[in-house]
Amino acid sequence: MYDNMSTMVYIKEEKLENVTQDEIISKTKQVIQGLEALKNEHNSILQSLLETLKCLKKDDESNLVEEKSSMIRKSLEMLELGLSEAQVMMALSNHLNAVESEKQNVRAQVRRLCQENQWLRDELANTQQKLQKSEQSVAQLEEEKKHLEFMNQLKKYDDDISPSEDKDSDSSKEPLDDLFPNDEDEPGQGIQHSDSSAAAARQGYEIPARLRTLHNLVIQYASQGRYEVAVPSCKQALEDLEKTSGHDHPDVATMLNILALVYRDQNKYKDAANLLNDALAIREKTLGRDHPAVAATLNNLAVLYGKRGKYKEAEPLCKRALEIREKVLGKDHPDVAKQLNNLALLCQNQGKYEEVEYYYQRALGIYQTKLGPDRTPNVAKTKNNLASCYLKQGKFKQAETLYKEILTRAHEAEFGSVDDENKPIWMHAEEREECKGKQKDGSAFGEYGGWYKACKVDSPTVTTTLKNLGALYRRQGKFEAAETLEEAAMRSRKQGLDNVHKQRVAEVLNDPESMEKRRSRESLNMDVVKYESGPDGGEEA
């Protein structure tokens with residue numbers, strides 16, 4: 001019997017385990033309904049018994065009714081208990097459903113957070129990579145900045161090249177053995193080139209025409225940014241020359257110079273310097289240590305060292321180039337003056353201002369002696385450089401004197417001799433300083449005294465001189481005079497830019513082929529071997 005009962009209980013438990021939660025809820029609701037019905041029925045019976053009990057006297061029958069009433073009350077209590085338990089089960093079920101729903105929501109939120117976490121990890125990894133690349137770029141840009149600062153000092157002009165100087169330039173006259181031509185565009189340039197070329201010819205080497213042609217092609221490709229054509233062309237020509245003439249041949253050295261030019265344009269200064277060192281060794285071996293081509297290579301090598309900030313290493317190379325040019329051309333040759341300018345700026349970058357002053361003064365003496373009047377561009381540029389050197393040393397009076405000389409010569413070249421009615425702009429500026437606040441008619445100084453006409457002089461050297469002298473006036477507290485010169489410099493620069501733009505537009509419209517050739521020459525001229533700082537060879541105060 002007990003075995004049968006245990007088996008029945010086990011079967012019932014197994015059945016309960018197989019019942020789903022929804023079925024349990026449904027059956028519980030049915031049980032609640034049944035219990036409610038029983039409760040109502042028992043209440044009715046109890047009321048009936050109580051009414052009956054009131055009508056009966058105390059006897060056996062009334063005792064029986066009381067006993068039945070007591071049983072009904074117990075049944076009602078059990079029904080109440082069953083209803084309470086059923087309601088608790090329903091509440092528990094609702095709570096479990098809510099918990100399950102919350103659980104699903106939490107799981108969904110966890111999945112979303114996991115996805116967001118993965119996305120943030122990916123973003124962090126990408127950001128770290130970008131940061132690393134940015135740091136590398138910053139380091140590279142710092143190096144490039146140093147190079148560009150020095151290149152700015154090497155350039156004869158910036159992109160605002162004077163139209164009159166553009167007109168005088170002639171790339172066909174540039175000596176090919178100078179990787180970066182260091183001769184400035186000026187009258188008499190052809191004579192200087194012929195002197196240099198003649199000196200080279202007397203010492204037994206002349207650059208073949210085919211290499212000159214290749215050089216011009218490479219310059220054209222480089223100006224167009226087509227290095228993928230220029231570099232293989234140079235390397236192939238170099239390989240052919242080494243096969244036919246051997247490595248130690250002047251033509252090979254020339255080809256190395258041309259390839260170094262391309263590397264220089266790509267900012268590969270170290271590779272370009274290696275090529276120039278090789279070219280220098282070949283030229284010293286084949287042409288002799290005192291050949292003009294050796295001087296040119298030394299000069300170009302000094303420039304590349306300078307672009308890398310190695311001024312100390314560049315200085316002896318520049319000095320040796322100066323010695324060779326003095327020996328070959330004479331100590332008073334204009335090319336020697338140019339080399340002195342280069343050497344002066346190298347010393348300036350090292351803070352050797354006494355040597356800078358000496359080199360600039362000597363170069364100025366050569367220019368004034370050999371190039372004639374005091375109005376040549378080289379004289380003005382060298383005076384500007386010397387004035388900048390004076391500023392560095394605190395010799396403000398000497399600098400002011402030179403700046404005034406430059407402006408006076410420029411004014412005379414444009415408007416004739418100076419007199420009471422025809423004064424250079426610095427005189428008008430000082431008059432304005434003396435008379436500030438005293439104009440009787442209240443007219444703007446832009447129309448006063450005719451000083452604004454000096455703005456027609458659009459030489460970059462004059463523009464820089466105006467800025468520097470204006471800064472010097474400010475240092476002296478002459479603010480009205482400074483504003484006069486600064487306004488003139490601004491007008492001069494704007495007029496120069498407008499003229500250059502008009503000329504280039506006209507060239508493109510009239511002769512595109514000529515324009516392309518001019519660009520090729522311009523790319524050469526913009527990288528002249530000289531260490532003058534600023535767009536026109538003078539460092540602004």
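Using the three backbone atoms N, Cα and C, a Cβ is placed for every residue, glycine included.
Taken verbatim from Swiss-Prot:
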- 27-156: coiled coil (COILED)
- 156-176: compositional bias 'Basic and acidic residues' (COMPBIAS)
- 495-505: compositional bias 'Basic and acidic residues' (COMPBIAS)
- 514-524: compositional bias 'Basic and acidic residues' (COMPBIAS)
- SER162: phosphoserine (MOD_RES)
- TYR448: phosphotyrosine (MOD_RES)
- SER459: phosphoserine (MOD_RES)
- SER520: phosphoserine (MOD_RES)
- SER523: phosphoserine (MOD_RES)
- 156-201: region 'Disordered' (REGION)
- 493-541: region 'Disordered' (REGION)
- 211-244: repeat 'TPR 1' (REPEAT)
- 253-286: repeat 'TPR 2' (REPEAT)
- 295-328: repeat 'TPR 3' (REPEAT)
- 337-370: repeat 'TPR 4' (REPEAT)
- 380-413: repeat 'TPR 5' (REPEAT)
- 463-496: repeat 'TPR 6' (REPEAT)
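Neighbour count (other Cβ atoms within 10 Å of the Cβ, all protein chains): 21 for SER459 (phosphoserine). Secondary structure of the repeat 'TPR 2' (253-286) per DSSP, as helix, strand and coil residue counts: 31 helix, 0 strand, 3 coil.
Look at the repeat 'TPR 3' (295-328): DSSP puts its residues at 31 helix, 0 strand, 3 coil. In the three-state DSSP classification, SER459 (phosphoserine) falls within coil.
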